[in-house]
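Undergrad: Mind having a look at this structure? Questions to follow.
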Amino acid sequence: MIGYQIYVRSFRDGNFDGVGDFKGLKGAISYLKELGVDFVWLMPVFSSISFHGYDVVDFYSFKAEYGDEKDFREMIEAFHDNGIKVVLDLPIHHTGFLHTWFQKALKGDPHYRDYYVWASEKTDLDERREWDNERIWHPLEDGRFYRGLFGPLSPDLNYDNPQVFEEMKKVVYHLLEMGVDGFRFDAAKHMRDTLEQNVRFWRYFLSDIEGIFLAEIWAESKVVDEHGRIFGYMLNFDTSHCIKEAVWKENFKVLIESIERALVGKDYLPVNFTSNHDMSRLASFEGGLSEEKVKLSLSILFTLPGVPLIFYGDELGMKGIYRKPNTEVVLDPFPWSENISLEGQTFWKWPAYNSPFSGVSVEYQKKKRDSILLHIMKWTGFRKENHWLDRANIEFLCKEEKLLHVYRLVDEGRSLKVIHNLSNGEMVFEGVRVQPYSTEVI
């Protein structure tokens, strides 16, 4: 199985306004099939006021610029007709500040007030987030404070209230009825206060629905494993970082340690990736990787157990350094051609934000023999021929050599030997010659 993460606004335009939309996604299906994609993960498509969409103001309507329900259903049908599943990003930890529920709560409606989390006399109003020390409690003009783990524009939902739980289950049922195949659950480890409570929440929430459930649990292995048994698919942040760090530092030790933590002996499918919307792009890691190292990183990604996931544009070597608060740079328009005015091309409305496309576009890279795009297409073809690798076991054959990474992938009588060369010179392992920054599979 091969996944592909898409920021709809930047991917492909279907109505000539320069903004990606559902009709545009239909027009991109032939490319995604050629790339070997089995499912697409669409970042939030619901009504919201932000560019990223994680502050939903209505779970039953879509961003107007993306299209309406008819467009959405037609897009789903087109993907299914071509054998591609659709996974939606569903941020149910909170709503947007302008959601009807929160606006009614602000006006004093006791029913909707209980949909959110409010400070009591015992609340520590100086409580901070663990990852960046930002405040969690936010004041209103009347002196009340509400909880917003992800900022004042994203008030937390109160899942101690069973009505909130049922409201969000209705959203899930509605989307499944429209043909959605699964969900990526944002901030999945933050639904409840403790690990035990959080696991219990998700076990109950998912108990009567089927699909591809992909969880964002950015945490240590124990926490990931506990949730993995429920979700079935877990984003593997550990190995994602260590692939890039190993290639950047030219030392495989850190990757071997990560594989042992995050890929060995799991009863769920780790979903491996090289970048996403919450970090710098692969080609910009630590200031920038050479094209050779980008290719090697992708070779490693596609020769590990688990599900490989491509962040749109990584297959082209798109660049972008993640810096708050302006994180749009990692969500740049996807370059279909060298000419920004051609059909399907998206662009930012502010000309200064549009990056030059030269040498990065699909059009250019399909013609370039040694391009990153053709490199990754070789590996997606390899995975198509070896579906068993998703659940393969990994056996290390060479753990001491920092520039040579050798392992065997095994599953029910089938096996492959993988050799990665992280040096700038040819290396030999058991008679097999491996070119600089290259991979051989035997």
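Backbone N, Cα and C define each Cβ position, glycine as well.
Small disclaimer: the values here were computed from a predicted structure and weren't measured.
According to Swiss-Prot:
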{"type": "BINDING", "residues": "Asp13, Asn15, Asp17, Val19, Asp21", "note": "Ca(2+) binding site"}
{"type": "ACT_SITE", "residues": "Asp186", "note": "active site, nucleophile"}
{"type": "ACT_SITE", "residues": "Glu216", "note": "active site, proton donor"}
{"type": "SITE", "residues": "Asp278", "note": "site 'Transition state stabilizer'"}
Undergrad: If you count other Cβ atoms within 10 Å of each one's Cβ, which of the recorded positions Asp21, Asp186, Glu216, Asp278 has the most?
TA: Asp21
Undergrad: Would you count the other CB atoms within 10 A of the CB of Asp13 (Ca(2+) binding site), including those on all shown protein chains?
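TA: Asp13 (Ca(2+) binding site): 25 neighbouring Cβ atoms within 10 Å.
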Undergrad: Hey, which of the binding-site residues Asn15, Val19 is the loneliest by Cβ count within 10 Å?
TA: Asn15
Undergrad: Spatially, and counting Cα to Cα, which of the binding-site residues is closest to the residue listed as 'active site, proton donor'? Options: Asp13, Asn15, Val19, Asp21.
TA: Asp21
Undergrad: Note down the number of other Cβ atoms within 10 Å of the Cβ of Asp17 (Ca(2+) binding site), including every protein chain shown.
TA: 13
Undergrad: Compute the C-alpha separation of the residue listed as 'active site, nucleophile' from Asp13 (Ca(2+) binding site), stating it in Å without decimals.
TA: 26
Undergrad: If you take the centroid of the Cβ atoms of Asp13, Asn15, Asp17, Val19, Asp21, the listed Ca(2+) site, which other residues of that chain have their Cβ within 8 Å of it?
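TA: Result: Gly14, Phe16, Gly18, Gly20, Lys23, Gly24, Glu65, Thr346.
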Undergrad: Give me the Cα-Cα distance between Asp13 (Ca(2+) binding site) and Asp278 (site 'Transition state stabilizer'), rounded to a whole Å.
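TA: Cα to Cα, Asp13 (Ca(2+) binding site) and Asp278 (site 'Transition state stabilizer') are separated by 24 Å.
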